[in-house]
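K.L.:
Provided herewith is a single structure, encoded as C-alpha cells, for subsequent inquiry.
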Amino acid sequence: MALAVRISTLTVAVTAAALLAGCERPPVDAVQRGYRGTGMQHIVNPRTLAEQIPTQQAPVATPVADNSGPRANQVFQNVKVLGHLSVAEFTRQMAAITEWVAPTEGCNYCHTENLADDSKYQKVVSRRMLEMTQKVNTQWTQHVAATGVTCYTCHRGNPVPKEIWFTAVPQNKRADFIGNLDGQNQAAKVVGLTSLPYDPFTTFLKEETNVRVYGTTALPTGTSKADIKQAEKTYGLMMHFSGALGVNCTYCHNTNGFGSWDNAAPQRATAWYGIRMARDLNNNFMEGLTKTFPAHRLGPTGDVAKINCSTCHQGAYKPLYGAQMAKDYPGLKPAPAAAAASAVEAAPVDAAASAAPVATVATAAK
C-alpha cells in the first residue's frame, strides 16, 4: 500500500513538473496599457529582459563625413546605389556595412581585389538589400516611422541574419497509415510550440491572404469565408508576433473585442502595415534573388530566405528599442531625385493603405 502511495505521489509530481515546464516562474512585471480592470496589461519577465538588453544595443555611429567634393560614382566604377554620396561619406558607409554585416570576414566578404567586380554573389545581394533598405526608409514609414532601418537592424554582425524563414517541407506521406498532418500538430517553435499550423509565413507574409477571422456578431451570419484551418493559421501568426516582439495579445488588441479597430491600440495599425511591408520585401526583393544565391544558401525546398517580424525585432517590441541609427547614414535613403519620384509613384497606394486599418470591415484580426 505504501509503495502504491509513493508511486502515485511520484507520478503526480512528475506530471505537475511536466505541465509547469512551459511556464515562466514568478515574479513578472505588468504594465497597464489601457483602462483599469480591462486586462489591458503588458507582461514583462525581468529576467528575460535583462538577458535581452545587451543584444538590442545599437553600435555607436561615426561622425557623418564631409558631403562636398565629387560623387562616389564619379570616382569609383560600378557604384549603382550609393553613387550620390560624396567619396568620404561613401567610404564611411562601406566601413559601417562591413562592421554591421561581416566584421570578421571584412571587405573581402563581398569584394575581390577589383572593387568594381560583381563576381561574388554577396555583392549582388548586398546591392539589392541596400535598395530594399532605402525603400523601407522612404516608402514604409507607416511601419518604421522616422526611426527607419539599417543593415544592422537585421544582421547584428552576422553575414546571414539569424531570424529568417523558408517554406516548410511538405509531409512525407510514403505510407498511408501515418495520416495527413495537414501542416500542423508538430509543436513548432515558430508558433510557440503549439499544434497550430507551423508555416503561417507562406500564407500571410508571402501570399496576399486575408488575416481576418474574428467575427463581430454573436451568431453566424453566413457571410464569413474563414474556416477553422484559416483561424488556426491566423493564431499561428499571432503566436509568432508575440514571440518576435516579446509582447502579449493586448499590445495590439483590446480583448473586449479583437475585431474592433476603434478600441484597439495604435500598435495594431502599425502591425497592419508591417504585414504588408513583409510581403512587399519578400516578393519584390528576396524572391528575385533566388537564382543569385548558391544552393547552400537556399531552403530545403529550394526557396530563398525570407523576412518575418523576428528578422528585425528579434524579441523586442521595437528593433534595438527604437534606436535611430538610420538618421546618421544618408546613404540608406535614395538620392533626392529618386526619392521624390518614388514618393509620387507610391502616393496612390499609400493613400489607400492609410485608411485601410480603420475603414475596412471591423472583423480584421490584424
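Note that Cβ sites are derived from N, Cα and C of the backbone, with glycine treated the same way.
This is the feature table in Swiss-Prot:
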- 1-22: signal peptide (SIGNAL)
- C23: N-palmitoyl cysteine (LIPID)
- C23: S-diacylglycerol cysteine (LIPID)
- M94, C107, C110, H111: heme 1 binding site (BINDING)
- M129, C151, C154, H155: heme 2 binding site (BINDING)
- H143, C309, C312, H313: heme 4 binding site (BINDING)
- M238, C249, C252, H253: heme 3 binding site (BINDING)
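Could you give the neighbours, burial and distances for every feature on this list?
P.N.:
For the recorded site, C23 (N-palmitoyl cysteine), the DSSP three-state label reads coil.
Other C-beta atoms found within 10 angstroms of the C-beta of C23 (N-palmitoyl cysteine) number 7, with every protein chain shown included.
According to its DSSP assignment, M94 (heme 1 binding site) is helical.
Counting every protein chain shown, 20 other Cβ atoms lie within 10 Å of the Cβ of M129 (heme 2 binding site). In this structure, M129 (heme 2 binding site) is part of a helix by DSSP.
There are 23 other Cβ atoms within 10 Å of the Cβ belonging to H313 (heme 4 binding site). Under the DSSP three-state reduction, H313 (heme 4 binding site) is assigned to helix.
Within its own chain, C249 (heme 3 binding site) has M238, S242, T255, F258 as residues 6 or more apart in sequence whose C-beta sits under 8 angstroms from its own.
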K.L.:
State the three-class DSSP label for H253 (heme 3 binding site), counting H, G and I as helix, E and B as strand, and everything else as coil.
P.N.:
coil
K.L.:
Report, in whole Å, the straight Cα-to-Cα distance of C107 (heme 1 binding site) from C151 (heme 2 binding site).
P.N.:
15
K.L.:
Run through the Cβ atoms and count how many others sit within 10 Å of the one on C154 (heme 2 binding site).
P.N.:
24
K.L.:
For the binding-site residues M94, C151, M238, C252, which one has the sparsest Cβ surroundings, going by other Cβ atoms within 10 Å?
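P.N.:
Output over binding-site residues M94, C151, M238, C252: least Cβ neighbours within 10 Å is M94.
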